[in-house]
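Here is the structure we will look at.
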Amino acid sequence: MNYFILLFVATFLLLDVNCKKDGYPVDANNCKFECWKNEYCDELCKAKRAESGYCYKLKLSCWCEGLPDDEPTKTSDRCYGTGR
């Protein structure tokens, strides 16, 4: 039984499992991308290797679904360099 568990864990490590996340993508200044149209956000998110994206109208910001874990997303309200 222990060998089965060890083999199972080793298989996952070898497969390099990529996790996905959802969130607001950010630029180099940690600022969200402003938007008006869903098409703009969908293209932006897919360029960042996400599955899809849309314009979240209440915040006028792009929201991406299925972003790779290594892609930065908005974690604070701070936007460096622009005062926003």
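Yeah, the Cβs are placed from backbone N, Cα and C, and that goes for glycine too.
What Swiss-Prot records for C31-C79 (among others) is disulfide bond, and it gives similarity to another entry as the kind of evidence. C31 (disulfide bond) falls within neither a helix nor a strand when secondary structure is assigned with DSSP, and so counts as coil.
Over all protein chains present, the Cβ of C55 (disulfide bond) has 20 other Cβ atoms lying within 10 Å. Per Swiss-Prot, the feature disulfide bond maps to C35-C55 (among others); the stated evidence is similarity to another entry.
Swiss-Prot lists C41-C62 (among others) with the feature disulfide bond. The Cβ of C62 (disulfide bond) has Y24, P25, K32, F33, E34, C35, Y40, C41, L44, C45, G53, Y54, C55, Y56 as same-chain neighbours under 8 Å, each 6 or more residues away in sequence.
Within the same chain, residues at least six positions away from C64 (disulfide bond) with a Cβ under 8 Å of its Cβ are D22, G23, Y24, P25, C41, L44, C45, K48, A50, S52, G53, T73. Per Swiss-Prot, the feature disulfide bond maps to C45-C64 (among others); the stated evidence is similarity to another entry.
For 21-80, the entry in Swiss-Prot reads domain 'LCN-type CS-alpha/beta'. Note on the domain 'LCN-type CS-alpha/beta' (21-80): its mean pLDDT in the predicted model is 94.
What Swiss-Prot lists as threonine amide is T82.
What Swiss-Prot records for 1-19 is signal peptide.
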Practice problem: Could you work out which of the disulfide-bonded residues (C31, C35, C41, C45) has its C-beta surrounded by the smallest number of other C-beta atoms within 10 A? | Solution: C31
Practice problem: Helix, strand, coil: count each for the residues of the domain 'LCN-type CS-alpha/beta' (21-80), based on DSSP. | Solution: 10 helix, 21 strand, 29 coil
